[in-house]
Structure formats: structure tokens, C-alpha cells
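Colleague: Structure below; questions to follow.
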Amino acid sequence: VICYVGYNNPQTCPPGGNVCFTKTWCDARCHQLGKRVEMGCATTCPKVNRGVDIKCCSTDKCNPFPKTTPPWKRPRGKP
């Protein structure tokens, strides 16, 4: 299986790695930079922890970098 391991960076998974994943979560700078993203290969879908979103799939290049609209942008000026 070929999985993305970074932005526009696909790599062939090692033997046994037949699941691609994209994991996103907020850290202390989420409001400035957006969610953190980790991508890669695994033998099974990683365990979901509180506050972490994980998407798993098992076909080539099925885990592209998430398209985000920055919710951290604040409107300028007064309404």
C-alpha cells in the first residue's frame, strides 16, 4: 500500500503496513496554526484518544493531507 507520510509525500509502506492513517488534533497553538496532522502507515488503525480524530483506509494514496478552512481566522473590524 502507498500512503502519504506528509504533505504530498507518498511512500510505499513496509511489509505488514497495510493501513494508511491521518491523525489530527489540537495543541496549545491550535488557534494560531490549526490542527496538528500526523500521517503514515500502520498494521492496524491507531487507537482513538479523546480529542484526536483518526481516519484509516487501505487503498493507495487514500490519506491525503486534510483540506482545512482555518477556523482560527478572526473577522477584522467591528460588525
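Glycine is no exception: its Cβ is also placed from the backbone N, Cα and C atoms.
So Swiss-Prot has the following annotated:
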type	residues	note
DISULFID	CYS3-CYS20	disulfide bond
DISULFID	CYS13-CYS41	disulfide bond
DISULFID	CYS26-CYS30	disulfide bond
DISULFID	CYS45-CYS56	disulfide bond
DISULFID	CYS57-CYS62	disulfide bond
Colleague: Ranked by the number of other Cβ atoms within 10 Å of their own Cβ, which of the disulfide-bonded residues CYS20, CYS30, CYS45, CYS57 ranks first?
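Modeller: That would be CYS20, with the most Cβ atoms nearby.
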Colleague: According to DSSP, which of helix, strand or coil covers CYS26 (disulfide bond)?
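Modeller: Reduced to three states, the DSSP call for CYS26 (disulfide bond) is coil.
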Colleague: Considering the disulfide-bonded residues CYS26, CYS41, CYS56, which residue's Cβ sits among the greatest number of other Cβ atoms within 10 Å?
Modeller: CYS41
Colleague: Given CYS20 (disulfide bond) and CYS41 (disulfide bond), what distance in Å do their CA atoms have, once rounded to a whole number?
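Modeller: That separation, Cα to Cα, works out to 5 Å.
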Colleague: What residues, ordered by sequence, lie under 8 A Cβ-to-Cβ from CYS13 (disulfide bond) and sit at least six positions away in the same chain?
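Modeller: Residues satisfying the criterion: VAL1, ILE2, CYS3, CYS20, CYS41.
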Colleague: Same-chain residues six or more away whose CB lies under 8 A from the CB of CYS62 (disulfide bond)?
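Modeller: Looking at Cβ-Cβ distances below 8 Å from CYS62 (disulfide bond), excluding near sequence neighbours, one finds CYS3, CYS20.
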Colleague: In which DSSP state, out of helix, strand and coil, do we find CYS41 (disulfide bond)?
Modeller: strand
Colleague: Round to a whole number and give the Cα-to-Cα distance in Å for the pair CYS45 (disulfide bond) and CYS57 (disulfide bond).
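Modeller: About 8 Å separates the two Cα atoms.
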